[in-house]
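Student: Take this structure, written in structure tokens, and hold onto it; I'll ask about it next.
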Amino acid sequence: MNEIEQRIAELNKLLHEYGYAYYVLDKPVVADSVYDQLLHELIALEEANPSLIFPDSPTQRVGGTVVEGFKKVTHDYPMLSLSNAFNEADLQEFDRKVRQAIGDHFSYVCELKIDGLAISLKYENGVFVQGATRGDGVVGEEITANLKTIHAIPLRLKEPITIEVRGEAYMPKKSFEKLNAQRADNGEELFANPRNAAAGSLRQLDPKIAASRQLSTFIYAIGGDGEIYGIDGHAEMLDYLEDLGFPSNKERQRCSTIEEVMAFIEHWTENRPHLAYEIDGIVIKVDRYAQQDELGYTAKSPRWAIAYKFPAEEVVTTLLDIDLTVGRTGVVTPTAILTPVQVAGTTVQRASLHNEDLIRDKDIRLGDTVIIRKAGDIIPQVVGVLIEQRPENSVPFEMPKNCPVCDSELIRIEGEVALRCVNPACFAQIAESIKYFVSRNAMNIDGLGDKVVEQLLRADLIHDVSDLYHLTIEQLVELERMGEKSATNLVNAIQASKENSMERLLIGLGIRHVGEKAAKIVSEQFGSMEAVMAATEEQLVAIYEIGDKMASSLVEYFSNDDARAVIERLAEVGVNMTFKGKKVEVVVGDNPFAGKTIVLTGKLEQLTRNEAKAKIEELGGTVTGSVSKKTDLVIAGEDAGSKLAKAEQLGIEVWNEDNLIEQLNLI
């Protein structure tokens, strides 16, 4: 190593140590001027010797090349959301269920719920290689370059391990105030709260903008099975993350009873204004992994954790108007237009009125002073009216008799609270149906946003979803803010969607009561759109998990001549009409996975956890996250922990990875 290489290595080491002390430990060991001087020296050396730039160099934090967009990434392990508690009764019920399942010998770990943006960080051999947003929990967006600008995120860990961690990126209150002051001076729109500011900063295409926003982070979990790192619980995991160099929130506490949990909540309800960052609640988790495994998961969240949300904030403001929108199924939804008001750190100008019955029951009128509540709900609610402040000339609000978009007569189906427009030619319904068709969970056509869809309809370029596949670059470049490159990308994305497996098309058709799961089940069972269209209600309800409502809705939809005509046109332009997944034909005795409940634990070498799960599910098995008496088989990789021990205790059959591969090869 020559003198320059040695100095660059020395500067990297010093700057990492100083940065860790400043941003993670909050205990600076040198003056800012000293740090800046060393950083500038390193920048100069790297500019003169670009081949000597380390991948984890502190200079990589200042922001790199502007990107064209964020690519989608699938999380190795889903980023599940938590169930919510809004009062002491909710927490008591959670505690009762936990004790009923695992007894009284356990403890909780209570942590502050940071009000920011959930992120996932991947490290290979100790080096930060990828960062992503939570997205929908399964698929997020890669924002590695922007996350590198957060000084609290280590670019190299203290051990050369491969690991994925989860955390919350946030904007400190002081950074938020400074940013909004700058935006006010520049005549720019202000951010409503630090959470929005953090999310907006991390979605900037230019990392230099993110770098200027002074974000920070707390890391609170390992993605996947923490036991493979020799950890047996959540509190120990947080200590382990700190030892690796990650910032974790120190304001946490182990509690033995729900009364201790409530005391912790009361303390931070009172003291949250004194924190340097925003919090919106407290997260409560059962500590030991073995007990977490015993409690298991619901479809959406773990049974061993809950998020207590601070009490709803209520404010009063004036109802200026009631806006009526028409959805893809024709439902007319009323929304309150309000004098802007701050609620729970957010500027609120619109609030949900749900339906005609709520407006009538609460006698909500234009000009009223109304009570707005916002808690765990994303959408604020109108919860009451101050009758004593009502204007003298007010009159009861009447829902219209006709559609606000197409003027067709509105109807109310028996048993429903909603008014509906049943005109299939209604502009709003067509627009919303096409937006749904192209959405991520359906045909997933990137670049075809709401405004583009509306422009295409108004330009008379499309009338239904089949027309999308006839669009040309020449037509698209005539649209507002649509250049040739964007038009080319959009046409390519539309054409690529033709190759989707049939279940995506079935989702995109927007058939009532038919969601993602039902669409996949029906597609797998029948194999082709033609077969589904010919199916009877009796054939459909005979399928496991397809109920009467779904079956009736499918038959009704496909008996409509207009719907069948659209599907025929889609087929004519080349949209795939068959199921592309593997249809399992189970032969008793030939397949050891079919109908079995299986748990994967430990580290697999020949397959990833997701690959193993997919293969087992293709063969009719169900993969769960916890071991119980209902488990048929546990497949244990290296460093398997409490799940393996519990399987042996319960006498459940256990395979190693070689057994799994051997059986897969026999099928």
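If you go along the chain as it appears here, the first residue is 1 and each next one adds 1.
Glycine residues also receive a Cβ, built from the backbone N, Cα and C atoms like all the rest.
Features from Swiss-Prot:
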type     : residues                                                                                : note
BINDING  : Asp32, Ser33, Val34, Tyr35, Asp36, Ser81, Leu82, Glu111, Arg134, Glu168, Lys285, Lys309 : NAD(+) binding site
ACT_SITE : Lys113                                                                                  : active site, N6-AMP-lysine intermediate
BINDING  : Cys403, Cys406, Cys421, Cys426                                                          : Zn(2+) binding site
DOMAIN   : 588-667                                                                                 : domain 'BRCT'
Student: Going along the chain, which residues six or more apart from Cys406 (Zn(2+) binding site) have their CB under 8 A from its CB?
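Tutor: Residues satisfying the criterion: Cys421, Asn423, Ala425, Cys426, Phe427, Ala428.
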Student: Pick the one among the binding-site residues Leu82, Cys403, Cys421, Cys426 whose Cβ has the fewest other Cβ atoms within 10 Å in this structure.
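Tutor: Minimum Cβ neighbour count within 10 Å, taken over the binding-site residues Leu82, Cys403, Cys421, Cys426, occurs at Leu82.
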Student: Whole-number Å only: compute the distance from the Cα of Arg134 (NAD(+) binding site) to the Cα of the residue listed as 'active site, N6-AMP-lysine intermediate'.
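Tutor: For Arg134 (NAD(+) binding site) versus the residue listed as 'active site, N6-AMP-lysine intermediate', the Cα atoms are 16 Å apart.
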Student: Per DSSP, what is the residue count of the domain 'BRCT' (588-667) in each of helix, strand and coil?
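Tutor: Secondary-structure composition of the domain 'BRCT' (588-667): 29 helix, 18 strand, 33 coil.
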Student: Express the predicted model's confidence over the domain 'BRCT' (588-667) as a mean pLDDT, rounded to an integer.
Tutor: 82
Student: 10 Å Cβ neighbour count around Lys285 (NAD(+) binding site)?
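Tutor: Result for Lys285 (NAD(+) binding site): 21 neighbouring Cβ atoms inside 10 Å.
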Student: For the Zn(2+) site (Cys403, Cys406, Cys421, Cys426), what does the 8 A shell look like? I mean other same-chain residues with CB within 8 A of the CB centroid.
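Tutor: So the extra residues in range turn out to be Val326, Gly330, Asn402, Pro404, Val405, Asp407, Ser408, Leu410, Asn423, Phe427, Ala428, Gln429.
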Student: How big is the Cα-to-Cα gap, in Å, between Leu82 (NAD(+) binding site) and Lys113 (active site, N6-AMP-lysine intermediate)?
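Tutor: That separation, Cα to Cα, works out to 11 Å.
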Student: Test of understanding: give the count of other CB atoms lying within 10 angstroms of the CB of Arg134 (NAD(+) binding site).
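Tutor: Total other Cβ atoms inside 10 Å, all chains included: 20.
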Student: Ranking the recorded positions Val34, Lys113 by other Cβ atoms within 10 Å, which is at the bottom?
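Tutor: It is Val34 that, of the recorded positions Val34, Lys113, has the fewest other Cβ atoms within 10 Å.
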Student: Nearest by CA distance to Cys403 (Zn(2+) binding site): which of the recorded positions is it, out of Val34, Lys113, Lys285?
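Tutor: Going through Val34, Lys113, Lys285 one by one, the Cα closest to that of Cys403 (Zn(2+) binding site) is Lys113.
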Student: Helix, strand or coil by DSSP: which one applies to Val34 (NAD(+) binding site)?
Tutor: helix
Student: Does DSSP put Lys285 (NAD(+) binding site) in a helix, in a strand, or in coil?
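Tutor: Its secondary structure by DSSP: strand.
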